[in-house]
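*Asks:* Sharing a structure, written as structure tokens. Questions coming.
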Amino acid sequence: MRPMRIFVNDDRHVMAKHSSVYPTQEELEAVQNMVSHTERALKAVSDWIDEQEKGNSELSEAENMDTPPDDESKEGAGEQKAEHMTRTLRGVMRVGLVAKGLLLKGDLDLELVLLCKEKPTTALLDKVADNLAIQLTTVTEDKYEILQSVDDAAIVIKNTKEPPLSLTIHLTSPVVREEMEKVLAGETLSVNDPPDVLDRQKCLAALASLRHAKWFQARANGLKSCVIVIRVLRDLCTRVPTWGPLRGWPLELLCEKSIGTANRPMGAGEALRRVLECLASGIVMPDGSGIYDPCEKEATDAIGHLDRQQREDITQSAQHALRLAAFGQLHKVLGMDPLPSKMPKKPKNENPVDYTVQIPPSTTYAITPMKRPMEEDGEEKSPSKKKKKIQKKEEKAEPPQAMNALMRLNQLKPGLQYKLISQTGPVHAPIFTMSVEVDGSTFEASGPSKKTAKLHVAVKVLQDMGLPTGAEGRDSSKGEDSAEESDGKPAVVAPPPVVEAVSNPSSVFPSDATTEQGPILTKHGKNPVMELNEKRRGLKYELISETGGSHDKRFVMEVEVDGQKFQGAGSNKKVAKAYAALAALEKLFPDAPLALEANKKKRAPVPVRGGPKFAAKPHNPGFGMGGPMHNEAPPPPNIRGRGRGGNIRGRGRGRGFGGTNHGGGYMNAGAGYGSYGYSSNSATAGYSQFYSNGGHYGNAGGGGSGGGGGSSSYSSYYQGDSYNSPVPPKHAGKKPLHGGQQKPSYSSGYQSHQGQQQPYNQSQYSSYGTPQGKQKGYGHGQGSYSSYSNSYNSPGGGGGSDYSYDSKFNYSGSGGRSGGNSYGSSGSSYNTGSHGGYGAGSGGSSSYQGKQGGYSSQSNYSSPGSSQSYSGPASSYQSSQGGYSRNTEHSMNYQYR
């Protein structure tokens, strides 16, 4: 884990201090030699004493214990263990600084513990010391001086060369502690101690040091930064007398407690600050919590030996040190000069120093382990566990992933500052330009994200330096899709040379670089899985393989199309499926046209898109009005059947919003509901051709269903929800007459363009609807045919539109839905001026008899071209543009649910 940025400077100072106090390699080798020589000599002394004791017993017994047979069974092993337990000297252990790896420069005092079967005595100490001198001469040529310290229950060995090391061997026995516990429990001891037994407290201290070493190796050695911080603080305890009482076991416990309770691994600087915070909080104060000793059965305070003044001094010193660290003066706490802000890069050491383990463990005097070794090839293991273990080994054996250009550059030039120069492009496809200054030269590059732009900059810098960019090792062969993707991106940096797309795209797996470029699309800009599904339904994608660790998964998916199998790989199953589908498309449909092959039914011509957004010709745009319904307009290339009227495709039940007169709704060019089986593919494929009058359908200009438009429009009672079905080709040549340049169109619903053109608003149809000024109501269009209430009886908006579902669907509106269907019994008489309204070219009452029922509407209105008003009492009006909804291509809006 990367260290936190705010502690980077502290980390540098702590590590620099640590390097200065860490022993040199020569010192560590001298310690290693002295310890290993002593261990081997003590092993020889143990053997010698054991032989002497066995010599007093029977020879056969000695043979059984000394030379077990080769085909020794577990029973034999148990005998050997028992024989080991009966030895006078049971083993030698490393303790203190040597065992914990806390040696610093100048630490010359080393410690070992010699475990005895019985309580150690002065006689035993003399015997061991005498024979140790003899055995050392056989083990090594180095000269050692051996001293006996009966008061300390120890033997001291000193070397005669530099550095002058001193090794103390403490004699002790577990029996000492066992007897002490019995005494504390109130038991009486039946065995009397020999008169020359060594000091019990010294023996107990040696046993405690053994427990401390084991605990430290189990808890602190594996804790990141813990050993480093302890070494640095040991140096602080030496330099600052106030900290002296903490040196040793209390300091080790304090550091483990402070660092081990953090919720994440910490760098050396942050870990040191956490220890200072722990001390500054008053943990060692008399009323503080103290430091619990985990190696004692009874609750023991490891700092119980400190007096009140020492505790206060340590706390005050820690608080001062913490303030210095907070103000960036940690170097004063460490007793060193401040480091420059930019450290020179040290050459990489081929043999990095392992700061955790200073001296390798001993194998000389190894006691039979209490735990049996793990059997690697044990047959009792379950096959699944074996398989997982093999997979893990294989994963570890795999070479690490090659570094990308950014990582490589950061290794060569650490601390580079990347700057965002600009961000251009639309919101959905931004282009970021990043720059970096290296050795006085500035490099810039762009990309679809800041991360990619930084990567491109790094590639540029490495290429300028003549160094590998890290991309060469990747798969150089890319499919056409990835090539086109890269073409669509801004070409900023010349990437490494890429081999042209191979002929078999199914074998091409995209590199990681292409997956960062964005979504995987076909050359038609679609999702490959979706496009392949349009061509071949019901395909099944199967997972072939899953490799890599949890952080770097690799999936391979396979799909079978027309008997051929195609594979794709990616960092997740979705990406792998996309590449498999892409490979199939490239191979099987290399030249597939953009238009969908699924909808090949014959469609009638469809008008161009209209409305305020797509006004192709000068006409008054309006929501729901649609564009000019001229049948000569070619159909758009890719019409979808369900849509928000105005756009080519959409979702939602045909809200004819701002729609072109093909409506985009259910009646697209005769392929509306007709293509779904609701009605035939006729021009009036609306709701069962609801007003396609057989007689008047094809009249010139204003004929049949909607004057020149010929397309039926069904408007539901939501705003602009019109369903328009464009006209058949036979009307293509018959342009309805109209006034001005307005191409006739007809309203399909919500007319919100009142300000632009309101040929007849509510006031004009005041006799049929409520006077509503500029009401933008539902279906309010021309003259407020806002009654979306054909299925309700809503006289308010439509002048009493009485709609009854009889066999004939008699729509007898006394206002013709007030402009909505502006024909009605003596009601909506209007003149469309240049273009006659609905119905036959000759006036009179026209009854539209659709296949599903006739709308009997007495629409007395003039023929196209005549500017006379309809026979209506109140609401006759003249409109040169005529048009039932601002353009005179009338779509008769029947709003019934």
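Residue positions begin at 1 at the first shown residue.
Each residue, glycine too, has its Cβ placed from N, Cα and C.
Residues or ranges marked as compositional bias 'Basic and acidic residues' by Swiss-Prot: 74-85, 372-383, 472-481. The feature compositional bias 'Low complexity' is assigned by Swiss-Prot to 499-508, 745-769, 783-794, 802-812, 823-833, 845-885. The ubiquitin cross-link annotation in Swiss-Prot covers LYS297. Sequence annotations record features per position, and here Swiss-Prot assigns SUMO1 cross-link to LYS348 based on similarity to another entry. As annotated by Swiss-Prot, SUMO2 cross-link applies to LYS396, LYS489, with the evidence given as similarity to another entry. Residues or ranges marked as phosphothreonine by Swiss-Prot: THR67, THR188 (among others). If you look up Swiss-Prot, you'll see LYS100, LYS460 marked as N6-acetyllysine, on the strength of similarity to another entry. Summarising the annotation, Swiss-Prot assigns phosphoserine to SER190, SER382, SER384, SER476, SER482, SER486, SER794, SER814 (among others). Marked as region 'Disordered' by Swiss-Prot: 52-85, 363-401, 466-524, 624-662, 720-897.
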*Asks:* Can you tell me whether DSSP puts THR188 (phosphothreonine) in helix, strand or coil?
*Replies:* coil
*Asks:* Which residue, out of the recorded positions LYS100, LYS297, LYS460, shows the minimum number of other Cβ atoms inside 10 Å of its Cβ in this structure?
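*Replies:* Each of the recorded positions LYS100, LYS297, LYS460 was scored by Cβ atoms within 10 Å; lowest is LYS297.
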*Asks:* Spatially speaking, which of the recorded positions THR188, LYS297, LYS460 is closest to LYS100 (N6-acetyllysine)? Use C-alpha to C-alpha, please.
*Replies:* LYS297
*Asks:* Counting across all protein chains shown, how many other Cβ atoms sit within 10 Å of the Cβ of THR188 (phosphothreonine)?
*Replies:* 6
*Asks:* Would you mind reading off the Cα separation of LYS297 (ubiquitin cross-link) from THR188 (phosphothreonine), to the nearest angstrom?
*Replies:* 21
*Asks:* Could you state the whole-number distance in Å separating the C-alpha atoms of THR188 (phosphothreonine) and LYS460 (N6-acetyllysine)?
*Replies:* 84
